[in-house]
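K.L.:
Please see the structure below; I have some questions.
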């Protein structure tokens, strides 16, 4: 590792001025850190994906209808459920990493609680769609037998959706604690784990690396547990008890519960939550507006791209079985290769967010540039490898020579597409770390749905380029998106991003409250401070009214660490607003249930 850093130092010595301007100082150390952080995250993503693959493999041996049903069910669950939860929970990438990088680490626990409540509410509209799976599929002219079995699978999967949401949220809770723990005395910001952020701290202690592994590897272990349970359950329910598609759905549910319970117990038993958890707090009901201002763009940023792939598969189904099969093969290749930039994207998001939370804009820029340069090299290698193996990859998935020939024609285009898509993915991590998801959502929406897909449809159906036309349109899309992300981040105001990170972590409001509370005189008529006699360490701060809250289950230090919400709502306001949110979500579910009943009768 020292040699890597020495190499970078030589580059900055003047032998290659152009390279020294491109490569940030400390690039070797930062690249190693990103790889160490994203490596387990890559394995975690692969293991999550494997649960659905195993279900498909078991049902594939039952027949074509069963295989089509499970494939369609997994796609429906992902598009109408999982993608929404993953997108909304991506707000935690910004909020948790920035809060953990700040001195106000207990705020991470509040964000976890807030995210759990929001995602549970979002389950209700998703369930409304799940209830009407068969009717939706028939509306799109899918096979009746396939639609019926797909409905069975999705109905069984309904209780598994909140479990998947919770599992994803717990994973983000760990991911965004970064290079963790135990080095308070080394950090210039009094922030555990941030000493590595500075070039002067060129090597990691074994203790810090061991503690870092405690944060990242539990996710991988939970994925291993989930896959083992899934394999055994599928064998028992599908192959032994002959429950068919229903058995596969039950196996999926069981595995989701198993890995979620394992991860939760691991966090509690290993006490990984102590630094960031101050107990249940009513503050999780506050500040939903800022949360949604990040969550909705995050969801759109992810779902826009995710849904574009599904639309592409649907369009290929309108052509022929050969085109659809070739698209399915390329989709599987794309999914596997995407896991690498996705893991690195999460690592970059964590590093950038923690650095901004610690007000270290130099390190934030270093992490962003290092991540982008790393993925450029990796994606070029992968793209070249895919092009070289274009005639062999198709044989892994099928024996049909027509499909294999078509796949080999399209893979060179996909290999170029992968390079730009991977760069976009890592830039997405930079945008999440800086809290700029809205720009990413706008770029993805424009490039995919105004440029990429329309161009792909034109080339596919009008120019008659078939599947090649679709991927050429997608290539134009990611090329333009990459150009937009490069231009935007080059002009990004990192100091302003650090100030916004201070707001996200709750430090700004806390500092204002503390500074104002110490002023004498008439200021107290606006903001009053009351210190309890029994616990002088607890300060109860109120804005323009004398409402206060004491949690006797917290220590004085923990209560002091929790920040005041940006705009505190009264109990009455909370009941009205959160009750309205619950009512709206419940009404959506009731509408879905009503539609199902009426459609079934007719």
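Backbone N, Cα and C atoms are what each Cβ position is placed from, and that goes for glycine too.
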K.L.:
Of the ranges 220-240, 493-513, 514-534, which one does Swiss-Prot flag as transmembrane segment?
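P.N.:
Going through 220-240, 493-513, 514-534 one by one, Swiss-Prot gives transmembrane segment for 220-240.
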K.L.:
Swiss-Prot lists transmembrane segment for one of the ranges 7-27, 91-111, 154-174; which is that range?
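P.N.:
That would be 154-174, per the transmembrane segment entry in Swiss-Prot.
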K.L.:
With Swiss-Prot as the source, do residue 147 and residue 392 lie on the same side of the membrane?
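P.N.:
Same side, per Swiss-Prot.
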K.L.:
Swiss-Prot tags one of 181-201, 328-348 as transmembrane segment - which one?
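P.N.:
From Swiss-Prot, the annotated transmembrane segment range turns out to be 328-348.
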K.L.:
Are the transmembrane segment (220-240) and the transmembrane segment (249-269) near each other by the rule of at least 3 C-beta pairs under 8 angstroms (pairs 6 or more apart)?
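P.N.:
These two segments touch.
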K.L.:
Among 67-87, 328-348, 369-389, 403-423, 467-487, which stretch has the highest count of C-beta pairs below 8 Å with the transmembrane segment (34-54)?
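P.N.:
Maximum Cβ contact count belongs to 328-348.
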K.L.:
Under 8 Å, at least 3 Cβ pairs, sequence separation 6 or more: does that hold for the transmembrane segment (403-423) versus the transmembrane segment (328-348)?
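P.N.:
Contact between the transmembrane segment (328-348) and the transmembrane segment (403-423): present, because at least 3 Cβ pairs are under 8 Å.
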K.L.:
Considering pairs 6 or more residues apart, do the transmembrane segment (120-140) and the transmembrane segment (369-389) have at least three CB pairs under 8 Å?
P.N.:
no
K.L.:
Same-chain Cβ contacts of the transmembrane segment (467-487) under 8 Å, 6 or more residues past its ends?
P.N.:
308, 312, 315-316, 319, 323, 326-327, 330, 406, 409-410, 413-414, 416-417, 420-421, 423-424, 427, 430-431, 440, 443-444, 447-448, 451-461
